[in-house]
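Residues annotated as signal peptide in TrEMBL: 1-21. Marked as domain 'GH16' by TrEMBL: 3-210. Look at TrEMBL and you will find Glu96 tagged as active site, nucleophile. Look at TrEMBL and you will find Glu100 tagged as active site, proton donor. Positions annotated as N-linked glycosylation site by TrEMBL: Asn104.
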Amino acid sequence: MGALFAILFCSVLVMLRTCLAGDLSKDFDITWGNARMSNGGQLLTLSQDKYSGSGFQSKNEYLFGRIDMQLKLVAGDSAGTVTAYYLTSVGPEHDEIDFEFLGNVSGQPYTLHTNVFSQGKGNREEQFHLWFNPTRNFHTYSLVWNPQRIIFLVDNTPIRVFHNDETRGVPYPKSKPMRIHSSLWNADDWATQGGRVKTNWTNAPFRAYYRNFSAQACVYSSGASSCAPSSGTNSAETERAWETQDLDANGRRRLRWVQRYYRVYNYCSDAQRFPQGLPTECTRR
């Protein structure tokens, strides 16, 4: 009975394109360093030693969508390392949506650093400590990106929402297709406690692991998006729910919980950094 339930449950998830053990080699190219795919492409490992980090990028560009990936981060003393997982366009006035995991000494929490760039402008950092150890098991890190807002989620719990405030003069990433990138690299000049704690290379090689990628998204190719107008059927509306996704009452409660207990930096509360006044988008909060 349990096996039948699992099969039925996974069948439903396949309809939503989220039950993807998936061959990562179909979606990603290794771009540099000592990275490898194993288990028939179901596991991707980034590695970093004293001489080189490593990275990969998606074969496709996307213009809006929901992106999910499971990660297991560098274990033990990971001070100085950064595991970056993000969407970015190309060019000097690029758009970018960031997850960056800043390593730390053994027993101290990882810092999850988030940022949003639009038209080359960033400086919109929010940082969090997670409510679990991200090195022991895989956890799902997701981005919902639609014309109205960007939602950052961890295990489907919202941690941050960045709204489209173009009507108030705030640039918003909406017209430049972006690829998914990830890298593991050394940033001990700033990553851990502002650079005070350096990388202990006796612990190398450092490794981060990826699996179960899912993209419910509009693929952008040859100047056009793959997203045609919705057919209006229930299955199509379910699969493309991200296009208008917002937080319901439960999502707003969970967001407040994360931001109250686990957010450790918010640029919208840093008046010292912005002596001429906080950025415009901060006033909606």
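Every residue gets a Cβ built from N, Cα and C, even glycine.
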The number of other Cβ atoms within 10 Å of the Cβ of the residue listed as 'N-linked glycosylation site', counted over all protein chains shown, is 20
Cβ neighbour count (10 Å, all chains) around Glu96 (active site, nucleophile) is 18
Between the C-alpha atoms of Glu96 (active site, nucleophile) and Asn104 (N-linked glycosylation site), the distance in angstrom, to the nearest integer, is 25
Same-chain residues at least 6 apart in sequence with Cβ under 8 Å of the Cβ of the residue listed as 'active site, proton donor', in sequence order, are Val82, Thr83, Ala84, Tyr85, Tyr86, Leu112, His113, Thr114, Asn115
